[in-house]
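A short write-up of the structure that comes next.
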């Protein structure tokens, strides 16, 4: 893992800024769709339909920002792949109409979006390993800065308390980790899988040796990657993820 090229949070922000700038012209919804699709594909690699019970739920916990949006997209694709996603979206973004549209799409596909009412604890039942195949951690991304505000502090404590009973699949950066320094609290999550979007961040060097690590977000050419000091990944065929 130490030999893997990583990109700092500052450089990752510059990559996103250029991708969505006038010279390239990607929109946030486009990149979010590609990112969420790659996360869903990584879930299918770790939990193939033929080898696990997809009657169990894939519990997607979505934060208020772009990482949460990736999770909402992931849930929609998992539904189309034949899985049984359930979304917990406790603090919904009001910044962008697009996030509301993502929720509308989940409603269209009859994907449950919790909480059903303010203050409900119905999400806790999906921490049961008998009921849940895995948890997609789409709470915080590379722009996360402490302190952790509620309800996310309580959520992360609950996930930590699982002690691996339910596998956790983290999107880009394990929630609560510092993107450059890695785990910064005693109760830091220990994901079973990480999907690094575009390129791994420095925190990925702190993953446990038994953590499955994927690159995802296949939307940049070689010349662009080289400009920022890394090589693009050799994805196979039409795959949107590559296991590192």
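Counting starts with 1 at the first residue shown.
Including glycine, each Cβ sits where the backbone N, Cα and C put it.
Automated prediction, rather than curation, is the source of TrEMBL annotations.
Sequence annotations record features per position, and here TrEMBL assigns domain 'YjeF N-terminal' to 12-232.
For 66, 67, 68, 69, 70, 141, 142, 143, 144, 145, 146, 147, 172, the entry in TrEMBL reads (6S)-NADPHX binding site. The Cβ neighbour count for residue 144 ((6S)-NADPHX binding site), using a 10 Å radius and every protein chain shown, is 20.
As annotated by TrEMBL, K(+) binding site applies to 67, 137, 175. Around residue 175 (K(+) binding site), a 10 Å sphere centred on its CB holds 25 further CB atoms from the protein chains shown.
The K(+) site, placed at the center of the C-beta atoms of 67, 137, 175, has further neighbours from the same chain whose C-beta lies within 8 angstroms: 61, 63, 68, 71, 138, 139, 140, 141, 170, 171, 172, 173, 174. Ranking the binding-site residues 68, 146 by how many other Cβ atoms lie within 10 angstroms of each Cβ puts 146 at the bottom.
If you compare every pair of Cα atoms in 66, 67, 68, 69, 70, 141, 142, 143, 144, 145, 146, 147, 172, the residues listed for (6S)-NADPHX, the longest distance is 22 angstrom.
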